[in-house]
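Engineer: Just lifted these from TrEMBL, have a look:
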- 9-389: domain 'Major facilitator superfamily (MFS) profile' (DOMAIN)
- 12-34: transmembrane segment (TRANSMEM)
- 46-67: transmembrane segment (TRANSMEM)
- 74-93: transmembrane segment (TRANSMEM)
- 99-121: transmembrane segment (TRANSMEM)
- 133-155: transmembrane segment (TRANSMEM)
- 161-184: transmembrane segment (TRANSMEM)
- 205-225: transmembrane segment (TRANSMEM)
- 245-265: transmembrane segment (TRANSMEM)
- 277-297: transmembrane segment (TRANSMEM)
- 303-324: transmembrane segment (TRANSMEM)
- 336-358: transmembrane segment (TRANSMEM)
- 364-383: transmembrane segment (TRANSMEM)
Amino acid sequence: MNPVKQRNTAILMYLLISLGGIVVDIIVPSLPSIQRALLSNETATQWAFTMAMLGFGFGQIVAGFVVDAFGRKLPMLLGALCLSFSLLLSAVVPDIEALIALRLVQGLAVSLVAVGGRAVIKDLYHGEEYLKAVNWITISFALGITLSPFVGGYIEENFGWQMVFTGLTAWVSLGAVLLAFFFTETHTNHQPLNKETIKGNLSEIVLNRGFQRTAIICGVFYAILPAFNTVSPFIIQETLGYGPVFYGHIALVLGGAWLAGNMANRATFSIPAKSKTTLCLLVSLLALATGIGYQIIQGLSLYAFIAPVAAIIFSLGMLFPLYLGKALAPFHHIAGIANAIVFSGCWLCTALISFLASSLPLNSALPLMILYSALLLLVVLLTRKMNDL
């Protein structure tokens, strides 16, 4: 593949990869409105967010085998078409149960698109170039989670929550058209779908001790922002009284912090990973301690809530590409399956942590910040067991 076509293909894949975060996060500012419109309660409405994460998490396990067995293009196209149809139906659902079911379908469908896109990047790049490309994968994710709540908040404020799903349908459909007409298949070494192959590939990846620890660390890093999005719409909009557009701006700032962390990692590529890990975790824990201490004394404060979370997200945005690259690097021969498993683990971890967050009180930010502290201490323990990165 010539360099220009390689670059254009990579750009298209980054855009499609970002759909994973967009599909999950774009409805976040609309959750209170959805609750009122469908006569639901906070817990059930939060499941419309969490169920998409569960679908995305479990779907990626299957998607990894599918894109390695049948190539990248066809599964990605089928996923995009199914995603478009389910998004369109979401705009006319009669109750919260139907929306939750459709959100599961959306998570499953977008897993084919995202896993296929990440596998294409592994097909295109190798070695040091692949590690740099991984950073762009995380940047594309950051752009998705940064812009989608921001855009979703404006759409919901001006046109209603149903238009959020309609607009996203149009965007996914455009991606499907570009994929159909401008992407050439990159995968020729198909891995057959048989029991022994699946068992062998899973064992090779999952039983690798380094992979296990790195995948858990990636899962915690990945979960911080979605866990915030599970709880914060109700704290910021219902408890503190701000609107969906204001929440969209908050989401933009926090997504921008993740993106800035990714860019900072790229700019400091020559600095040893161990040094960056130590510094970033220290900054995150100090930020949490400051925010918790302030709110214990002064009570709930928007800025004492958001500032520590932004510091954490920036720091973990620096670390995520490092650990993602380490997790995927040994498995270039089964790239689709490897990236599917690590990202599936990330999203299942995210769903679990978001589920825990959904049970927290919504009149205070302290429980969420204490949960963050426990998660970061877990990461500290895991990184201490890893001799190098």
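Even glycines carry a Cβ here, placed using N, Cα and C.
Just so you know, TrEMBL annotations are computer predictions that nobody has curated.
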Engineer: So which of 12-34, 46-67, 133-155, 336-358 has the most C-beta pairs under 8 Å when paired with the transmembrane segment (205-225)?
Structural biologist: 336-358
Engineer: Who are the long-range neighbours of the transmembrane segment (46-67) in its own chain, taking Cβ under 8 Å and residues 6 or more past its ends?
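Structural biologist: Cβ under 8 Å, 6 or more out: 20, 23-24, 27-28, 31, 34, 75-76, 79, 96, 99-101, 103-112, 114-116, 119, 187, 191, 193, 198, 201, 226, 229-230, 336-341, 343-348, 350-351, 354-355, 358.
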Engineer: Among the recorded stretches 12-34, 74-93, 336-358, 364-383, which has the greatest number of Cβ pairs closer than 8 Å to the transmembrane segment (303-324)?
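Structural biologist: When the Cβ pairs under 8 Å are tallied, 364-383 comes out ahead.
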Engineer: Among the recorded stretches 74-93, 133-155, 277-297, which has the greatest number of Cβ pairs closer than 8 Å to the transmembrane segment (12-34)?
Structural biologist: 133-155
Engineer: Looking only at residues six or more beyond either end of the transmembrane segment (364-383), which have a C-beta under 8 A from one in the stretch?
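Structural biologist: Answer is 213, 216-217, 220-221, 223-224, 227-228, 231-232, 235, 277, 281, 284-285, 288-289, 291-292, 295-296, 300, 304-305, 308-309, 312, 353, 356-357.
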Engineer: Of the stretches 74-93, 161-184, 245-265, which racks up the most C-beta pairs under 8 Å with the transmembrane segment (133-155)?
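Structural biologist: By the under-8 Å Cβ criterion, the transmembrane segment (133-155) pairs most with 245-265.
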Engineer: Would you mind giving the whole-number mean pLDDT across the domain 'Major facilitator superfamily (MFS) profile' (9-389)?
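Structural biologist: Its mean pLDDT is 86.
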